[in-house]
Amino acid sequence: MRNVVHRGGEFKLESPYGPTGDQPSAIKALTDGVLRGDRWQTLLGVTGSGKTFTVSNVIAQVNRPTLVLSHNKTLAAQLYGELKQFFPHNAVEYFISYYDFYQPEAYIPSLDKYIAKDLKINDEIERLRLRATSALLSGRNDVIVVSSVSCIYGLGSPEDWMAQIVELRQGMELDRDEFLQRLVALHYFRDDVDLSPGRFRVRGDVIDLVPGHEELALRIEFFGSEIDSIHTFDPKSGEIIGRDEYAFIYPARQFVADSEKLEVAMLAIENELAERLNALRAEEKLVEAQRLEERTRYDLEMMKELGYCSGIENYARHIAGRKPGERPWCLLDYFPEDFLVVVDESHVTLPQIRGMYGGDRSRKTVLVEHGFRLPSALDNRPLRFEEFEEMVPQVICVSATPSAHELMRSGGVVVEQLIRPTGLLDPQIEVHPVAGQIDHLLARIRERIAKGQKSLVLTLTKRMSEDLHAYFRKLGLRSQYLHSEIKSLERMQILRELRAGDIEVLVGVNLLREGLDLPEVALVAILDADKEGFLRDATSLMQIAGRAARNVEGLVLFYADKITDSMREVLDETERRRRIQREYNEKHGIEPRSIIKSVDQVLNTTSVADAEERYRRKRLGLQKRPELELRGVLDSMSRSDVMLMVAEMNAEMQKAAEQTDYEKAAYLRDEILMLQERIEQMTE
């Protein structure tokens, strides 16, 4: 890890409200722990208690560069938007996989089928990734990077990256042609028409370029072999924004290496190839040997001519000069030694990090054995979990249900945040016998419907959810079922109908990942709660029960003939939390109240389904200007809400393209472009 000298920059938290409830004590405990040098801490925060706000206060007080880890892109986008709002004057960056579509290279021996790597890079996300690494290498203190598990995958060496940075100063001696050669070496492309990130144009003694991580362009004017002036301007309008005394040009790609290192690497690749060919031929694997030689020599020729080749990351070990088995460089290496790591939803994120290495290793081993890659390709990999734990200096795990691993790492000490600003208590839990469960459940659901409230019912199998849904519909209830076989767009449409009031009961198997934090949900029923195992363990039961935690009348029903250890743990923990929450409310005269969302706020969260409906209407000729219909909803949305909408719609656009429904993909693309323009107009 690099030892970066901090060059200043203080975090400045901005919020219209201050810490309330047990947030002040949680902030103090976590801050004291960081300053004391505690390596691992755990924040147990119930749903709706403001965990992100608490973490933001800790970051501001310890004033250290921070990595915030999330287990999926959508939640990462949401966290990014929230933290941008809390820290508008600081560097809040975004680092996720930059692929809109990614099919990894693979080989299926049983079918003798090779699947070539296929991908589509999202230029905007690539720019944001470059901006994140640039901010970290600038040495500034006030940097927050929100990342998915992409942070444990291989990157170029930070030392190599820094060595390639070009510093420009007004009045410095610099040959124009030499500067152009440096730009090409940094993977900038000449394009006299489209001036976009990573491209430059030349007009006499004037060179315009857009750094790979920026949206604004630089204009460098030469007078002979001297830099006469440096200006920043808008590449779209051409408007000059300011005059600069100096500028730094960062590489336009994550993987860079100077020509000398590349020559050494190519020699090492040649040597490994010779050894591997001898081994394959000794095993009489002549087809594999021929295949490997042809592919590797082609890559070497491309590196010799262009300084780059497709799949160059598979040779990263040689380019970086690492030893066999040595871990790759990754985003963590770009942080200074004393950075802070916040793991959001740690009970899901940490197991995800643990599983990345095994899947990657299995796929690449097959490629190596059959002559598609050199053995060194195995070292282009994500970090092992043990390596990740060694690299993170201080960690705060955040979860409503921390697992045994977080508790063990934290020495059993947990910082609790159980008080909600709304005064809401954890929902009450009742246990009922299995005999007569459907009639009992039906009566409770009808009680909720009479109050305009929603119900969630969880079954153990998809078949059970469909049958129960059909039974409810037969009795006149507005019911729907939800499980993994339902397509993403249809799932979003179902959630939209639930939030808009068209559905009264939602039946499903695993409703944890759907983001069903709805204030209208006042009843959660769990069938077969005593079937210990997947989705009926203590963590899952607690997460499911939390779906009723945003309504003052929230109630959870466990249908079971016995109380399992997991059920007992959840019942005892819920009662403990309710007692603490009730005592706090009585002491401070707080009356619990349900969270209230306007119709616009409800519909914002299902924007993808709304876009599908507008697309359908457009095909029928019912609509010409989709932006007019969106405008009213957008006016009520925050910047982070719109960014989350774009992330969801990007995923649906890619799915439409994969299914060759290019008309739908183009329609979604147009809406995404409109939303991105709206984001630029909104305040940070």
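Positions of Cβ are set from backbone N, Cα and C atoms, glycine also.
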98-121, 146-169, 266-289 - the range that Swiss-Prot marks as motif 'Beta-hairpin': 98-121
Packing count at Gly50 (ATP binding site) (other Cβ atoms within 10 Å of its Cβ): 22
Gly45 (ATP binding site): tally of other CB atoms within 10 A of its CB: 25
Nonlocal residues around Lys51 (ATP binding site), in sequence order (Cβ under 8 Å, 6 or more apart): Leu43, Gly45, Val398, Gln417
Listed in sequence order, residues not in Gly45, Val46, Thr47, Gly48, Ser49, Gly50, Lys51, Thr52 with Cβ within 8 Å of the centre of the ATP site Cβ atoms: Thr54, Ala400, Gln417, Arg420
Sparsest-packed of the listed binding-site residues (Ser49, Thr52) - C-beta count within 10 angstroms: Thr52
Number of Cβ atoms other than its own within 10 Å, given for Thr47 (ATP binding site): 18
DSSP-derived class (H/G/I helix, E/B strand, else coil) of Gly50 (ATP binding site): coil
Cβ-Cβ distance under 8 Å to Val46 (ATP binding site), same chain, at least six residues away: Ala400, Gln417, Leu418, Arg420, Asp426, Gly546, Ala549, Arg577
Average model confidence [pLDDT] within the domain 'Helicase C-terminal' (437-603): 84
